[in-house]
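This report concerns only the one structure given below.
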(Lines of atoms letter the chains of each structure in order from A; the text may use other names.)
(Lines give C-alpha, C1' and ligand atoms only; values in the text may rest on other atoms or scores of the structure.)
Protein backbone atom coordinates (compact mmCIF):
# COMPACT_ATOMS: atom_id res chain seq x y z
CA UNK A 1 0.00 0.00 0.00
CA UNK A 2 2.88 2.37 0.71
CA UNK A 3 4.32 1.75 -2.77
CA UNK A 4 1.00 2.63 -4.45
CA UNK A 5 0.74 5.85 -2.47
CA UNK A 6 4.30 6.72 -3.48
CA UNK A 7 3.55 6.03 -7.14
CA UNK A 8 0.38 8.12 -6.93
CA UNK A 9 2.35 11.06 -5.58
CA UNK A 10 4.84 10.70 -8.46
CA UNK A 11 2.12 10.58 -11.11
CA UNK A 12 0.35 13.77 -10.07
CA UNK A 13 1.13 16.96 -11.90
CA UNK A 14 2.56 19.87 -9.89
CA UNK A 15 0.37 22.84 -9.11
CA UNK A 16 1.71 26.17 -7.88
CA UNK A 17 0.87 27.06 -4.33
CA UNK A 18 -1.64 29.78 -3.68
CA UNK A 19 -4.85 30.47 -5.50
CA UNK A 20 -4.75 31.78 -9.02
CA UNK A 21 -7.64 34.20 -9.30
CA UNK A 22 -9.91 33.44 -12.21
CA UNK A 23 -12.78 35.45 -13.63
CA UNK A 24 -15.07 32.42 -13.69
CA UNK A 25 -14.79 30.79 -10.27
CA UNK A 26 -16.40 27.34 -10.06
CA UNK A 27 -16.68 27.42 -6.26
CA UNK A 28 -18.00 30.14 -4.01
CA UNK A 29 -19.56 33.29 -5.44
CA UNK A 30 -19.78 33.50 -9.19
CA UNK A 31 -20.79 36.97 -10.42
CA UNK A 32 -21.47 35.72 -13.95
CA UNK A 33 -24.10 33.24 -12.77
CA UNK A 34 -25.63 35.59 -10.20
CA UNK A 35 -25.84 38.86 -12.18
CA UNK A 36 -25.35 37.80 -15.77
CA UNK A 37 -22.29 39.99 -16.34
CA UNK A 38 -18.74 40.41 -15.04
CA UNK A 39 -16.89 43.63 -14.31
CA UNK A 40 -13.12 43.58 -14.50
CA UNK A 41 -10.17 45.71 -15.51
CA UNK A 42 -8.50 45.52 -18.89
CA UNK A 43 -5.29 44.36 -17.19
CA UNK A 44 -7.06 41.45 -15.54
CA UNK A 45 -8.79 40.45 -18.76
CA UNK A 46 -5.62 40.56 -20.87
CA UNK A 47 -3.58 38.67 -18.27
CA UNK A 48 -6.34 36.08 -17.91
CA UNK A 49 -6.29 35.53 -21.67
CA UNK A 50 -2.49 35.34 -21.82
CA UNK A 51 -2.18 32.77 -19.06
CA UNK A 52 -4.54 30.46 -20.92
CA UNK A 53 -2.74 30.72 -24.25
CA UNK A 54 1.01 30.58 -23.74
CA UNK A 55 2.85 29.55 -26.90
CA UNK A 56 6.46 28.64 -26.11
CA UNK A 57 9.19 28.39 -28.68
CA UNK A 58 11.74 25.72 -27.98
CA UNK A 59 15.40 26.63 -27.97
CA UNK A 60 16.82 23.21 -27.08
CA UNK A 61 20.59 23.11 -26.99
CA UNK A 62 21.47 19.94 -25.07
CA UNK A 63 20.06 17.12 -22.93
CA UNK A 64 17.47 19.37 -21.25
CA UNK A 65 15.67 19.54 -24.59
CA UNK A 66 14.76 15.85 -24.22
CA UNK A 67 12.97 16.61 -20.95
CA UNK A 68 11.26 19.57 -22.62
CA UNK A 69 9.94 17.21 -25.31
CA UNK A 70 8.86 14.82 -22.56
CA UNK A 71 6.85 17.64 -20.94
CA UNK A 72 5.02 18.20 -24.21
CA UNK A 73 4.14 14.51 -24.57
CA UNK A 74 0.87 12.89 -23.61
CA UNK A 75 1.70 11.98 -20.00
CA UNK A 76 1.91 15.57 -18.78
CA UNK A 77 -0.15 17.08 -21.62
CA UNK A 78 0.75 20.77 -21.61
CA UNK A 79 -2.19 21.44 -23.94
CA UNK A 80 -4.58 21.39 -21.01
CA UNK A 81 -2.74 24.39 -19.56
CA UNK A 82 -3.05 26.24 -22.87
CA UNK A 83 0.61 25.67 -23.74
CA UNK A 84 1.17 24.82 -27.41
CA UNK A 85 4.73 24.64 -28.79
CA UNK A 86 5.29 26.85 -31.82
CA UNK A 87 8.13 26.50 -34.36
CA UNK A 88 8.56 30.20 -35.11
CA UNK A 89 9.58 33.05 -32.80
CA UNK A 90 7.04 35.34 -34.49
CA UNK A 91 4.22 33.07 -33.31
CA UNK A 92 5.39 32.56 -29.74
CA UNK A 93 5.42 34.59 -26.56
CA UNK A 94 7.55 32.32 -24.34
CA UNK A 95 11.06 31.09 -25.05
CA UNK A 96 12.36 28.03 -23.21
CA UNK A 97 16.17 28.00 -23.26
CA UNK A 98 17.19 24.43 -22.45
CA UNK A 99 20.83 23.41 -22.31
CA UNK A 100 24.35 24.73 -22.64
CA UNK A 101 24.59 28.11 -24.33
CA UNK A 102 27.96 28.65 -26.02
CA UNK A 103 29.44 31.97 -27.12
CA UNK A 104 28.88 31.17 -30.79
CA UNK A 105 25.16 30.54 -30.23
CA UNK A 106 24.56 33.65 -28.05
CA UNK A 107 23.98 36.08 -30.97
CA UNK A 108 21.47 33.65 -32.49
CA UNK A 109 19.63 33.43 -29.16
CA UNK A 110 19.41 37.21 -28.96
CA UNK A 111 18.27 37.48 -32.58
CA UNK A 112 15.49 34.94 -32.04
CA UNK A 113 14.47 36.71 -28.81
CA UNK A 114 14.26 40.04 -30.64
CA UNK A 115 11.97 38.48 -33.28
CA UNK A 116 9.37 37.52 -30.66
CA UNK A 117 6.40 39.90 -30.33
CA UNK A 118 5.79 41.77 -27.07
CA UNK A 119 4.99 40.82 -24.37
CA UNK A 120 7.55 38.02 -24.22
CA UNK A 121 8.88 35.84 -21.44
CA UNK A 122 11.88 33.53 -21.05
CA UNK A 123 12.22 30.31 -19.05
CA UNK A 124 15.78 29.16 -18.37
CA UNK A 125 15.75 25.38 -18.04
CA UNK A 126 18.59 23.42 -16.46
CA UNK A 127 21.86 24.15 -14.73
CA UNK A 128 23.71 24.88 -17.98
CA UNK A 129 21.22 27.53 -19.10
CA UNK A 130 20.98 28.95 -15.57
CA UNK A 131 24.68 29.37 -14.87
CA UNK A 132 26.88 27.29 -17.15
CA UNK A 133 26.36 24.08 -15.17
CA UNK A 134 28.92 21.35 -15.59
CA UNK A 135 30.74 23.37 -18.26
CA UNK A 136 30.86 26.58 -16.21
CA UNK A 137 34.64 26.97 -16.46
CA UNK A 138 34.88 26.24 -20.18
CA UNK A 139 36.17 29.08 -22.32
CA UNK A 140 33.31 28.83 -24.79
CA UNK A 141 30.30 28.63 -22.45
CA UNK A 142 28.07 31.57 -21.55
CA UNK A 143 27.63 31.43 -17.77
CA UNK A 144 23.89 31.83 -17.80
CA UNK A 145 21.52 32.84 -20.56
CA UNK A 146 20.45 35.80 -18.41
CA UNK A 147 23.59 37.55 -19.68
CA UNK A 148 22.05 37.53 -23.16
CA UNK A 149 18.26 37.77 -22.63
CA UNK A 150 16.19 38.72 -19.55
CA UNK A 151 14.98 35.57 -17.78
CA UNK A 152 11.65 35.39 -15.95
CA UNK A 153 11.68 31.84 -14.52
CA UNK A 154 14.63 29.58 -13.65
CA UNK A 155 14.04 25.80 -13.61
CA UNK A 156 16.92 24.12 -11.72
CA UNK A 157 18.27 20.63 -12.30
CA UNK A 158 20.69 18.66 -14.42
CA UNK A 159 18.59 17.85 -16.36
CA UNK A 160 15.41 19.04 -14.68
CA UNK A 161 12.49 16.67 -14.84
CA UNK A 162 9.54 17.32 -17.11
CA UNK A 163 7.44 17.88 -13.99
CA UNK A 164 9.83 20.65 -12.92
CA UNK A 165 9.36 22.35 -16.28
CA UNK A 166 5.58 22.09 -15.95
CA UNK A 167 5.87 23.65 -12.49
CA UNK A 168 7.99 26.45 -13.97
CA UNK A 169 5.38 27.07 -16.66
CA UNK A 170 2.66 27.25 -14.01
CA UNK A 171 4.78 29.72 -12.03
CA UNK A 172 5.17 31.81 -15.18
CA UNK A 173 1.38 31.79 -15.60
CA UNK A 174 1.05 33.15 -12.05
CA UNK A 175 3.68 35.80 -12.80
CA UNK A 176 1.85 36.85 -15.98
CA UNK A 177 -1.37 37.09 -13.99
CA UNK A 178 0.23 39.50 -11.51
CA UNK A 179 1.80 41.84 -14.08
CA UNK A 180 0.23 45.11 -15.12
CA UNK A 181 -0.04 45.28 -18.87
CA UNK A 182 -1.34 48.77 -19.48
CA UNK A 183 0.48 51.69 -17.88
CA UNK A 184 -1.79 54.09 -16.09
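The backbone N, Cα and C atoms fix where each Cβ goes, and this holds for glycine too.
Summarising the annotation, Swiss-Prot assigns [4Fe-4S] cluster binding site to 63, 64, 128, 158 and lists sequence analysis as the type of evidence. Under the DSSP three-state reduction, residue 63 ([4Fe-4S] cluster binding site) is assigned to coil, being neither helix nor strand.
For the recorded site, residue 158 ([4Fe-4S] cluster binding site), the DSSP three-state label reads coil.
Around the Cβ of residue 158 ([4Fe-4S] cluster binding site), the number of neighbouring Cβ atoms within 10 Å comes to 12.
Spatially close to residue 63 ([4Fe-4S] cluster binding site) yet at least six residues away along the chain are 99, 126, 159, judged by Cβ distances under 8 angstroms.
Within the same chain, residues at least six positions away from residue 64 ([4Fe-4S] cluster binding site) with a Cβ under 8 Å of its Cβ are 98, 99, 125, 126, 128, 129, 159, 160.
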